[in-house]
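Asks: Found this in Swiss-Prot, in case it helps:
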- Gly94, Glu95, Pro96, Gly97, Ile98, Gly99, Lys100, Ser101: ATP binding site (BINDING)
- 350-454: region 'Lon-protease-like' (REGION)
- 251-255: motif 'RadA KNRFG motif' (MOTIF)
- 11-28: zinc finger (ZN_FING)
Amino acid sequence: MTTKIKTQWTCTECGTHSPKWLGQCSGCLQWNTLVEERTAPKLNTSSYSSSSSIPIPLNNVEFQEEIRIHTQAQGWNRLLGGGTVRGSLALLGGEPGIGKSTLLLQISSQFAAAGHKVLYVCGEESVSQTSLRAQRLQISSNNIFLFPETNLEDIKQQIDNIAPDILVIDSIQIIFSPSLSSAPGSVAQVRETTAELMHIAKQKQITTFIIGHVTKSGEIAGPRILEHLVDTVLYFEGNAHANYRMIRSVKNRFGPTNELLILSMHTDGLREVENPSGLFLQEKIVETTGSTIIPIVEGSETLLIEVQALVSSSPFSNPVRKTSGFDPNRFSLLLAVLEKRANVKLYTSDVFLSIAGGLKITQPSADLGAVLSVVSSLYNRYLPKNYTYTGEIGLGGEIRHVSHMEHRIKESIIMGFKGIVMPFGQIKGLPKEFLDQIDIIGVKTIKDAVRLLQ
């Protein structure tokens, strides 16, 4: 009896299935994202399936620490939680041209220099193109094997032949399995090829890196299950026209998340930035209104970032509120609190807020700096010079506690700032050494903070 082929419609954004075409996906509510897929019913293997594993009491499980591969790139080791775990699968996403292939080729050279075999599957480029990039990056190694292939079965054959320690897939959207009838890059292909690569990585203990393209919204293209399958998800951030890039770990089964690695772009590749705060503050104008410096904590890194605001009279009945690098919904909430609790009128003004350097901030500790930048620009008055600002703002206008306060103060001292404005309630528990090295101003409410304007 021939196997009956079924047709279903799958969302390219979230992977939701539907028996018929819909204009709007019922899962993620996106429009025109459903594509047709043909699937054969799965075989019923329950009659002959077996398992060699049995349930084990938790107290009887023998602990085995993960084997990690270290490179000379200390920032990369820190990003992955202390080195790359053998047999792990990591997904690196980013916009086209931002430097994903360049980075992984450099990391491959680090692994190769340590004596590890690397199989680099360059499906999007020819061997000569990848070789030219390697020459530009001054990379030369007999331990890196280039393989321009997109067929998963051929890739598996070369894995058996070469037995690599490291596998790089560039990119997952172009790899296809001949057992599926759908086109490369489709939801089914991305899901199944990633699942197969995960199985190979775990079975053969091959550390695998796969490159994924991102959608217009900045998320990795393909079904959401792609991020659930892998062990680590890294996002390449930053402006493709700027001379630095940022890599953020948003998922890591073997280490902390939200680690941030900042790299500078040079003719011979990407290099780690030793002093990120100095990089973001090097172009700051000393005497200007509407500007504050905030300390933020990204993983184990503490950075000082400039927040810039511009407030101008609006010629329209509906004023404009725009942000860059700051959550627009959070910003609207802060402006409402500012008007209600501090009596700062903004309903006739256009308000713009930008995080200098292209960094994206999601932590609430940036609230105080953002609000004071707006008030400073509105009144065209200066804030205290050489101070940093940190604190979360509640709906009642209170300045709430933030985490890692000692790290924020320490970074402010290192960068030469003479004072910090912070929640009043956190001053009491600070070490005495901080009180001797930096001026600390505590504020209880947003109204207290506004009074700091000269």
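Using N, Cα and C of the backbone, Cβ positions are placed for all residues, glycine too.
Show me how these features fit into the shown structure, please.
Replies: Cβ neighbours within 10 Å of Ile98 (ATP binding site), excluding its own Cβ and spanning all shown chains: 20.
Per DSSP, the secondary structure of the region 'Lon-protease-like' (350-454) breaks down as 40 helix, 26 strand, 39 coil.
Here the motif 'RadA KNRFG motif' (251-255) returns a mean pLDDT of 92 for the predicted model.
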Asks: Would you count the other C-beta atoms found within 10 angstroms of the C-beta of Gly97 (ATP binding site) for me?
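Replies: Here the count is 10.
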Asks: Just going by other Cβ atoms within 10 Å, which of the binding-site residues Gly94, Pro96, Gly99 has the emptiest spot?
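Replies: Looking at the binding-site residues Gly94, Pro96, Gly99, the Cβ with the fewest others within 10 Å is that of Pro96.
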Asks: Validating a neighbour-count step here. Other CB atoms within 10 A of the CB of Ser101 (ATP binding site): how many?
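Replies: Looking across every protein chain shown, the total is 22.
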Asks: If you count Cβ atoms within 10 Å of the Cβ of Lys100 (ATP binding site), leaving out that atom itself, what do you get?
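Replies: Within a 10 Å radius of the Cβ of Lys100 (ATP binding site) lie 24 other Cβ atoms.
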